[in-house]
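The active site feature in TrEMBL is assigned to Glu288. Annotation source TrEMBL lists active site, proton donor at Asp371. Annotation comment: TrEMBL describes His287, His291, Glu367 as Zn(2+) binding site. The domain 'CAAX prenyl protease 1 N-terminal' annotation in TrEMBL covers 1-185. Look at TrEMBL and you will find 188-423 tagged as domain 'Peptidase M48'. The region 'Disordered' annotation in TrEMBL covers 253-273. Summarising the annotation, TrEMBL assigns transmembrane segment to 37-60, 80-104, 131-149, 155-176, 309-331, 337-362.
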Amino acid sequence: QRRVYRTTTHVPQELGQIMDSETFEKSRLYQLDKSTFSFWSGLYSEVEGTMILLCGGIPFLWKLSGQISGRAGFGPEYEIVQSLVFLLLATLFSALTGLPWSLYNTFVIEEKHGFNQQTLGFFFKDAIKKFVVTQCILLPVTSLLLYIIKIGGDYFFIYAWLFTLVVSLVLVTIYADYIAPLFDKFIPLPEGELKQQIETMAKSIDFPLTKVYVVEGSKRSSHSNAYFYGFFKNKRIVLFDTLLEDYSALNKEPAEGEDGENEETKSKTKNKKQGCKNEEVLAVLGHELGHWKLGHTVKNIIISQMNSFLCFFLFAVLIGQKELFAAFGFYDTQPTLIGLMIIFQFIFSPYNEVLSFCLTVLSRRFEFQADAFAKELGKAKDLYSALIKLNKDNLGFPVSDWIFSMWHYSHPPLLERLQALKDAKQE
């Protein structure tokens, strides 16, 4: 794929009508920089993980966690407490070692190509907030899961799976209402033509829409997105302001006569992102609602939970193998949390790669079906133009190596999606 980025320096003939040479070159350089970053960060991650294993980092951290919990008055019999200390230290280590890479990605690569809208202060405030919120969810959930495994008897894997199912459904339900607003501002979409059109389209396919929000994604990045969430008769739609031509702060000029922060904003928004017109936004939403109408969301949940049940069952089979613990430096103890880490993170690694590929193939199939659904709603022409605009705004590179695309792309390449829409567009 890197060879494709390096050698494809001119717009291919089939792209001549949808992409100008300037945008093509910008997207090529952006993706090349991202590819280089991905290679080095991935290599570092592999080296770090290998050194941790070879140098006994996991048993060392477990021993350190025992010493810390012991000083707090919790002896070896309090395994769950020691597990939580271990988890806190492990996630803190991961956050600190990943911080330089995140800083480079945000303030060098994304900044260089005009996407970053964050200040350094905002970045660190956001990072600390994410860490705290993650711990507030991760530690209680993990402690309850470990407790269920401890008292569950021979069929603990069933109870553990049911518990994780309930937790995942609860998190999906509360995320957009209670967690996401901690990081970004959500405002109801103002009354007007767009809101009326969205409500009309939702009603036409029996989508139980209750609210439409706009999230100020432009304070973080100029990438755009849209999604819906909620169960049963309580669905909400969320639109990033960067998706909306009429609402994006990136399309608005700062007030004249002001300096300071506005000067910084001017420099960051000199390359305006188009956003989409109302008709194109409706086409994008038609695609997203197609995922709901065709049951893709439910199918993904079912597949995820079937996989989760299988993993817990295999965990129950393997957890008694002392050789597994010994291979990772645990000769005298077999902590449940360490067993979860060894089996889910390492033993299942080859299986997870195969599963990921299968889900990628399925995802591309779902994307084509959602595009076809939008086409049935009469949105083919607008979706066609919206896909071109979004590709341009996000500097997506439309030429890809077929093996790389097959393995990595959860969405079909742009040209394939446009070709599928082309006939209906011409009609």
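From the backbone N, Cα and C atoms, a Cβ is placed for every residue, glycine too.
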Same-chain Cβ contacts of the transmembrane segment (337-362) under 8 Å, 6 or more residues past its ends?
58, 62, 83, 86-87, 142, 146, 303, 307, 311, 314-315, 318-319, 324-325, 328, 330, 406-410
Which chain-mates of His291 (Zn(2+) binding site) that are at least 6 residues away have a CB under 8 A from its CB, listed by sequence?
Thr297, Phe366, Ala370
To what whole number does the mean pLDDT across the domain 'Peptidase M48' (188-423) round?
84
Highest CB neighbour count within 10 A among the recorded positions Glu288, Glu367, Asp371?
Asp371
His287 (Zn(2+) binding site) and Asp371 (active site, proton donor), distance between Cα atoms, whole Å
5
Integer Cα-Cα distance in angstrom, Glu288 (active site) to Glu367 (Zn(2+) binding site):
9
Counting across all protein chains present, how many other Cβ atoms fall within 10 Å of the Cβ of His287 (Zn(2+) binding site)?
24
So around the Zn(2+) site, His287, His291, Glu367 aside, which residues have their CB within 8 A of the centroid of those CB atoms?
Glu288, Gly290, His296, Phe366, Gln369, Ala370, Asp371, Phe373, Ala374
